[in-house]
């Protein structure tokens with residue numbers, strides 16, 4: 001459901017940016033205004049949600065005398081609320097310490113490269129690849145193609161999510177390692193097509209250059225769409241492998257493991273966005289492939305440690 005937002009948003013970009021050779025500041029302002037409105041509406045709805053602990057308010061004069069006296073006694077006990085707040089802070093602090101202690105365990109070190117790869121590939125399909133598509137000016141209507149590429153990332157994500165949800169029984173019979181290998185093959189194909197279809201400088205600035213490797217005579221819109229679909233489908237599988245592996249590998253520390261996963265994933269995603277402005281497409285894909293193979297190499301022993309029976 002979350003990834004279906006990629007469909008609606010990118011359909012708008014396809015329509016609004018169709019025929020535009022340059023994305024003006026006015027077009028960007030319109031897009032970000034829509035984002036701001038949607039975010040405000042979402043936050044407002046979230047704030048209106050009522051927790052289970054919240055009950056109907058009762059006026060003090062409607063409360064029986066016995067309950068008023070009991071409430072007075074409880075008010076005296078509420079003096080200890082600052083101590084409870086300090087206890088909450090200690091709980092948060094201890095949770096953070098427990099999460100970072102988990103980071104140096106063998107199992108976490110083995111699966112951490114997969115978390116890092118998921119962050120790098122997230123930044124690639126959400127930022128680097130759309131920028132590369134839009135900057136490849138030798139492709140007709142490249143601005144609208146950005147929306148088309150994003151749309152097919154969403155289609156791949158939704159299709160992949162549907163396979164794992166509605167085909168759950170079938171997928172249970174396939175090992176996580178095989179699923180991860182299949183997803184990595186999809187991503188390797190996407191990266192290979194990216195190198196063949198785009199000029200290596202397209203992620204840095206708009207260019208009229210033809211594809212650097214010369215395998216394709218010009219940047220193909222259809223190939224760009226295929227790349228986006230492969231990236232989305234592969235990412236859906238990688239995320240499924242990560243979530244199921246965490247619950248299976250860390251049954252007693254699931255919360256800390258998920259927190260570490262999001263921390264590592266977000267940090268590597270931010271790092272990739274930071275360095276993407278100073279390296280070309282070839283270097284970016286080289287980094288992605290390096291972490292892809294590293295995550296495969298370390299994930300295999302991780303699954304063995306999870307599935308093998310404990311030693312007596």
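FYI, residue positions are counted from 1 along the chain as it appears here.
Just so you know, glycine gets a Cβ as well, placed from its N, Cα and C.
Of the given residue ranges 108-125, 126-143, TrEMBL assigns the label transmembrane segment to 108-125. Of the candidate ranges 69-90, 179-200, TrEMBL annotates residues 179-200 with the feature transmembrane segment. With a cut-off of 8 Å between Cβ atoms, the residues of this chain six or more beyond the transmembrane segment (145-167) that come close are 3-7, 9-15, 17, 125-126, 129-130, 133-134, 139, 221, 224-237, 240.
Between the transmembrane segment (282-302) and the listed ranges 108-125, 223-243, 255-276, the one holding the most Cβ pairs under 8 Å is 108-125. Same-chain residues lying 6+ beyond the ends of the transmembrane segment (223-243) with a Cβ under 8 Å from its Cβ atoms: 3, 6, 111, 114-115, 117-118, 121-122, 124-125, 129, 133, 136, 139, 145, 148-157, 159-161, 163-164, 176, 179-180, 182-184, 186-187, 189-190, 193-194, 196-197, 216, 261.
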